[in-house]
Amino acid sequence: MTVLAGTFDAALADRVVDGPGGFSGVDGDAAWADEVRRLLKLRGATLLAHNYQLPEIQDVADHVGDSLALSRIAAEVPEDTIVFAGVHFMAETAKILSPEKTVLIPDQRAGCSLADSITADELRAWKAEHPGAVVVSYVNTTAAVKAETDICCTSSNAVEVVASIPADREVLFCPDQFLGAHVRRITGRTNLHVWAGECHVHAGINGDELADQARAHPDAELYVHPECGCATSALYLAGEGAFPEDRVKILSTGGMLDAARETGARQVLVATEVGMLHQLRRAAPDVDFRAVNDRASCRYMKMITPAAMLRCLVEGADEVHVDPDMAAKARLSVQRMIEIGQPGGGE
């Protein structure tokens with residue numbers, strides 16, 4: 001895309017510094033927010049921000065949500081340019097569902113440990129070991145992996161997707177081992193093979209921390225993302241009577257927001273990336289939301305800084321490209337998921 005020469009705040013843009021950890025040098029203050037909104041209008045662009053983004057990025061966005069919901073919004077909005085504040089696979093998914101639109105990500109180096117835990121070559125080799133198996137991939141995967149997938153799923157509909165597959169068919173579930181274990185536990189399916197991938201942030205929220213927080217806040221509700229390694233611990237605590245079963249909820253990010261709007265609890269413990277707390281507090285300002293692990297911050301999500309956003313809008317970078325043939329195959333796996341049932345609260 002073209003640079004918006006002469007139409008931006010040069011003094012602000014000149015502060016942007018690139019370094020190993022990403023772009024810095026600009027604060028997400030009111031002047032920055034005004035400039036972002038002005039540049040979005042000049043570019044005819046809409047800004048989509050994931051739930052795990054920095055609060056100032058979420059607050060300036062046109063839409064905030066999970067990756068699949070945002071990608072579907074990208075396909076529906078009238079703007080021809082989409083700025084996706086998230087990690088790279090999310091921007092890829094937006095491009096897959098909106099191939100005719102220009103998709104920008106403020107820093108293309110913002111990767112994902114979960115998406116990177118399986119490659120297309122590894123998936124093809126796994127498929128060769130299980131001929132005839134149905135491949136179910138979490139939407140948190142690259143375009144190349146989606147292109148090798150039969151049906152995509154989100155954390156909110158993974159059980160429904162797997163249950164739709166004939167019981168005598170083997171299922172290869174990738175890449176998240178904890179979501180896969182959750183699906184196997186709920187469906188009781190013995191022919192479900194699970195890839196040993198994980199999100200480094202969710203895997204780092206451990207059962208001991210969860211148990212300590214539950215004991216310290218016995219009247220709280222507990223929202224646990226199924227990518228968490230501690231999801232099994234949460235169910236164990238409930239089963240042992242250490243925590244009331246009706247207060248333990250295994251939820252996608254969208255499911256957490258729905259539950260927050262309806263909860264009668266005064267306090268909620270949240271086991272997911274800490275950026276989610278911003279949206280939860282906006283949804284239910286009278287509830288005390290606390291992170292089970294306040295260090296559970298995704299360094300890749302946080303690479304989308306105010307400086308990165310400003311540089312993106314000034315320079316029209318970084319543009320996301322997906323090979324058309326790969327995108328067409330990947331799009332089919334997402335469409336099959338939608339045909340089975342609405343993806344609901346996404347990842």
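Numbering starts at 1 and runs along the chain as it is shown here.
A Cβ is built for glycine as well, from the same backbone N, Cα and C atoms used for every other residue.
With CYS112, CYS298 listed by Swiss-Prot as binding [4Fe-4S] cluster, the candidate from CYS199, CYS228 annotated for that site turns out to be CYS199. Per Swiss-Prot, the candidate among THR119, THR187, THR253 that belongs to the iminosuccinate site alongside HIS50, SER67, TYR138, VAL139, ASN140, SER155, HIS225, PRO226, GLU227 is THR253.
Cα-Cα distances to CYS112 ([4Fe-4S] cluster binding site) place ASN140 within 10 Å, out of the binding-site residues HIS50, TYR138, ASN140, HIS225, GLU227. Other Cβ atoms within 10 Å of the Cβ of HIS50 (iminosuccinate binding site), summed over all protein chains shown, number 29.
The candidate set comprises the binding-site residues CYS112, CYS199, CYS298. Of these, CYS199 has the most other Cβ atoms within 10 Å. Each residue contributes its Cα atom, and for ASN140 (iminosuccinate binding site) and CYS199 ([4Fe-4S] cluster binding site) those atoms are 10 Å apart.
A C-beta separation below 8 Å, combined with a sequence spacing of at least six in one chain, links GLU227 (iminosuccinate binding site) to LEU114, SER155, ASP176, PHE178, LEU179, GLU198, CYS199, HIS202, ALA203, THR272, GLU347.
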